[in-house]
Amino acid sequence: MPTVAAILLCRTPRWYKDIGHPPQMQVWSSLEEHPPRVLSPWRKQGKGLSRVKRDWIIPQIRVLENSKQVPEALVQIKSDKIFTGEVIYKLEGPGVDQEPKNLFEIDDKSGVIRSKQPLDREKHRSFTLKAFALSPSGERLENPTTIEIVVLDQNDNRPVFTQSQFVGTVSEFSIPGTSVMSVSATDADDPTTENAILSYSIIGQESVPPNAVTKVMFGINNETGTIYTRDVGLDREVVKSFRLRLQIADMSGQGLTSEGVAIIHVSDINNHAPQFRPAAYSFTALENRKSFEVGRVNVTDRDDPGTGNWEAKYSITNDPDGNFDISTDPVTNQGVLTVLTPLDFEARDEYNLKLRVENVNALSSKAPNLPLSTATVQVKVVNENEAPHFREDPVLIVVPESVPPGTLLKSNYAFDPENSKLRYEISRDPERWLDINRDSGDITAKKSFNMRSPHVRNNIYRAVVKVTDVGGLSSTGAVTITLKETNDFPPQVVPVSGSVCKEGTPEASGLVVTAVDQDYPPHAAPFIFEIPDDLPVNWTVSQLNATHAVLHPLVLLEAGEYAVPLLVSDSGRPALSSFAHVNITVCLCDSSGDCKSAAGAVLGSSVGISFIALIIIMASIALLLLLLLLAVAATACGRRHHIRKGTGLLIGESEDDVRDNVFNYDEQGGGEEDENGFNIDLLWNPHDDPSTPGSYYPMPGFPRGKQPLRRDAPHNLPSPIYPRRPPADPTDIEDYISDGLEAADGDPNVPPYDTALIYDYEGEGSLSGSLSSIASGSSDGDQDYDYLNDWGPRFQKLANMYDPR
């Protein structure tokens, strides 16, 4: 088929106006007997080589796709310029030297453009090329010319459906004209031509099951592909689905064709209500059991199984106590009747239930207007032996912790449904606080409870009781005993000793005391502190808060020990109290408020001793001690000079007889063999060195170094004459000691009165026997020692010793 191209003149050149005719142009067929179409975009002007300005628009070169005449001459370009040499033509662009390559070529001498192979419009719709006129040296003789080649479409592609199978649904009993679904197809040909104009049609219909419906039930819009219903009679109980054969054709149905398939399912509507089959049932149920199946009821429904139109929903219309429940088996659609709460044969032995059934989905308006289906169910309760029951679980008991043993705590807390005889026992009682009557079950207190037991938590003690009937069935029940706190313990004062500063005012100085109570609230704090009114003391007590108080002196007191009586009471009902003596030391204090040492007290006293004077005194004492040691050493050397060899002081024979080395051990008694200890309860002053002989605790009101008068000792009597000088002869030392001991035994003025004087000799035993004068018959009837009772527990023994009774 020849190709014809036209040249459109966009701007008329000057020479065209002069000569009155267009430039030379030749158009010819692509066949060999016709010359090729000549395009002369380049023309000469006059005799020179100058180029005339002009613009040519080359029309599109149209080429039919799938042409079998290849190579095929499409167009020829030619320059009409006069050259002294030849012109070489070149072509560039897609299809030549760019992808896709080797589709077009140009004859470099004649300028003829040819197609080298058939073209495919579905792959490449057009090509834009550049043509050049060059000298043999490669110089451009003219500007490049654009040539556009358009591929013309042929109907070489069949239309195809977009899916191999289309699936849709339509409800049963749909009216004609109801849209069901849409199908679609595509065509690769040019959509602007008839080659791509499509037309849809239905060429076949099959029903499932086969031949259930023979009339044509569906139609299709040939332009849009929409499938719709054409007739009535879609009943899902009759036909389940349809299979339609579809056809698509191009060129408005006159061209190429293809086939497809559409499956249309008929969907169910709820046009059938469920019905009981049968309508009456009878079941049995064991008592005292719950959550177990009693029986099943059946229904029929013609709607689509597995859907909400078929699934049944059951209900019980006459079970106000909620003893039963009915549910749906999703597989069989049966109603499953179960017991929710345990049944009691003794209370009721038969139940008559009324059931009702409906679908999960509401009935369609096209369903028959019928009442809901109902059924009756008779349930008979079967009796069985039951274990004993507790009336409450747990068994609650509330008692005071100090409940007397034998108190009845709980009774009548268990029973047997068959009224059989029960046997009771305690299976758990970690503290063994409970007793139980095996026949009646009465729980009594075996002993008082203790709130401080590790088994009592949050005031609750837990036990377990076991009850057994005659048939051997048993039950256990928890027993929760809530203990109420009682006031069992009096509070105790702490601390019982302390110190206050002498320098401060009575109001500013004081000892803070508190109390401890083993009881729990409300029988403990707040505490009340007070000093008994019948005890005259120079102290008072001030309440700080609910748990603390302060002991203040009423007047300025001298340094020393004071026993202050204090009474503390708790807040229990009734309140408990305790009495205590608080030993308070009044002392000189340092800057931090602590008691000073003895030296510090002296240095800090009002009298005042300078540090240099103190050094001088200490040096003098050291010098005296040194002189005393020298004198003792000289005396010892003189005595050793008089010892005769072979003799001893008493019975010793050694030259180094121990009698020449007598030491003062500051011991009481006559030696290690003396087991008659000269015992007296000496009161040691805590501010003195206990190792210093003669240090004793001075009673309040007596200056240091003096003692209170005793009933068993004479007073102000002349003392006997003691031996003043040791004998010159050491052999007379025994007589010397005997004389001194005899004088001491008869001296009424030497303290202490219970002991013998200590001599520098360790003998074989005390010759004085018992020196205790506690039982002495002598007494001073006029002396009153009752004040010793007011000095606190440390003087209690002395008070008993001097008690006139």
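Positions of Cβ are set from backbone N, Cα and C atoms, glycine also.
Taken verbatim from TrEMBL:
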type	residues	note
DOMAIN	55-161	domain 'Cadherin'
DOMAIN	162-276	domain 'Cadherin'
DOMAIN	277-390	domain 'Cadherin'
DOMAIN	391-493	domain 'Cadherin'
DOMAIN	503-603	domain 'Cadherin'
TRANSMEM	611-636	transmembrane segment
REGION	709-732	region 'Disordered'
COMPBIAS	720-729	compositional bias 'Pro residues'
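Between the domain 'Cadherin' (503-603) and the stretches 55-161, 162-276, 277-390, 391-493, it is 391-493 that has the most C-beta pairs under 8 angstroms. Across the domain 'Cadherin' (503-603), DSSP classifies residues as 6 helix, 43 strand, 52 coil. Note: the domain 'Cadherin' (277-390) comprises 0 helix, 52 strand, 62 coil (DSSP; helix = H, G, I, strand = E, B). Mean per-residue pLDDT, taken over the domain 'Cadherin' (391-493), amounts to 89. Per DSSP, the secondary structure of the domain 'Cadherin' (162-276) breaks down as 6 helix, 52 strand, 57 coil. Applying DSSP to the domain 'Cadherin' (391-493) sorts its residues as follows: 0 helix, 47 strand, 56 coil.
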